[in-house]
């Protein structure tokens, strides 16, 4: 039976987190203490230092030889069950899609375990539950977030190939991606160059497009020579250099001349090369752009790219404001009726693994998780203590990690134009997935592996935590329903405490 003292202990653990969040919200929304640029600086500190060191602290102090493998199996089974159902749905239903499968997987299985889960579950079920939450965090950072990256990069590669090689994708046998490209997320304009061998197979090179080339092409696209390539090359393919589109709140309408593709054919003895361009959309300005940049870059744990001077003037920021795949990649009826063939599975897999690896090695949380696991394995195996000077250097920042993470979340809330940005019906649907479907599937998975009693309760309450921040970062970065994930983070955080308390009380009856 849950007593008032138990509820007080829970509130003691959680209310300070909300205090930090409310102070940050008021600092921007009511008292105007921080400007958007200052919010970005705070958030970069949290993303690059506070949160990775907080992860390292929790993981390195958790005994890996005392892990509860049955609890881990229940959590893993929950995610596998959801993945299988979504895979079947996306293949068999006319309404199914990769984008919705990714979003529903994020909503139902990836809660905010690090920031909210550890203090909340410790307050409910004691220190032992904190160790279980750390084990979930390790799996999230190493396995499930990597899987999310794999799915997002697969989507980006598929869209890139479908746009640039609608009729010849099946002939591609290799990809080479320049080392300065770290993702196919569509944030930066890209161009491709394909070499066609004598056997008719394509060898594709993907590289960044320079802003000057983009500007020249944009000017020429309205002139009589709009079909002329900037660097003419012999080609037997369409002369359209395709850039990854960047969405805008008010995109510049494209004329028919922008969509026309001129064909240039020239013979070459050994190979033929094809290049294509499409002008990128205009960028937005104003306060909304600060929100978009804040959500995309500042919460991102990867290194921020350095924009070219021509790309940014003053406060103009790149936007990824729309969640519509159709807006990013408009299709005609003919394209919808004729799906684009993809390159061989081995070729696609290698391309995606390259891009995922480049993202992971730029992610501070990757290193903090791996270093934390390595140290915990060594420390608990041979009883080695971390030198005090190193431990204190880490703890001075990691101790601020929880508070600063909630503070930056409050800043993000204040920069949000409104709490619910995806519509009331979709928000209600996403909250039902987050707080009802997720815990229900976790309960089924836990019972299936034999969890009972307190462990079962911990698993269910853990699944009812608010939406994780990292899935929202990915959704913003790859422009896949960021409005839904944003609502899940913000609105979910506001209603999570009473919902988890209801679960806690009901399970304790």
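Residue numbering: from 1, along the chain as shown.
Just so you know, glycine gets a Cβ as well, placed from its N, Cα and C.
Keep in mind the model is a prediction, meaning the values are calculated, not measured.
Taken verbatim from TrEMBL:
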type	residues	note
COMPBIAS	223-251	compositional bias 'Polar residues'
COMPBIAS	328-338	compositional bias 'Basic and acidic residues'
REGION	213-289	region 'Disordered'
REGION	303-341	region 'Disordered'
TRANSMEM	6-28	transmembrane segment
TRANSMEM	40-59	transmembrane segment
TRANSMEM	101-120	transmembrane segment
TRANSMEM	132-152	transmembrane segment
TRANSMEM	389-414	transmembrane segment
TRANSMEM	426-448	transmembrane segment
TRANSMEM	454-475	transmembrane segment
TRANSMEM	487-506	transmembrane segment
Field: Range from 6-28, 101-120, 389-414, 454-475 with most C-beta pairs under 8 A to the transmembrane segment (40-59)
entry: 389-414
Task: Any chance you could find the range in 426-448, 454-475, 487-506 with the most Cβ pairs under 8 Å to the transmembrane segment (389-414)?
output: 487-506
Query: Do the transmembrane segment (426-448) and the transmembrane segment (132-152) share at least 3 Cβ pairs under 8 Å, sequence separation 6 or more?
result: no
Field: Cβ-based contact of the transmembrane segment (454-475) with the transmembrane segment (101-120), 3 or more pairs under 8 Å
entry: yes
- prompt: By Cβ distance under 8 Å, which residues at least 6 away from the ends of the transmembrane segment (487-506) in the same chain are close to it?
  reply: 2, 7, 10, 14, 18, 21, 106-107, 112, 116, 120, 124, 409, 412-413, 416, 419-422, 426-427, 430-431, 434-435, 439, 457, 460-461, 464-469, 472
Message: Six or more residues beyond either end and a Cβ under 8 Å away: which residues meet both conditions relative to the transmembrane segment (6-28)?
response: 34, 39, 115-116, 119-120, 122-124, 402-404, 406-411, 413-415, 493, 497, 501, 504, 508
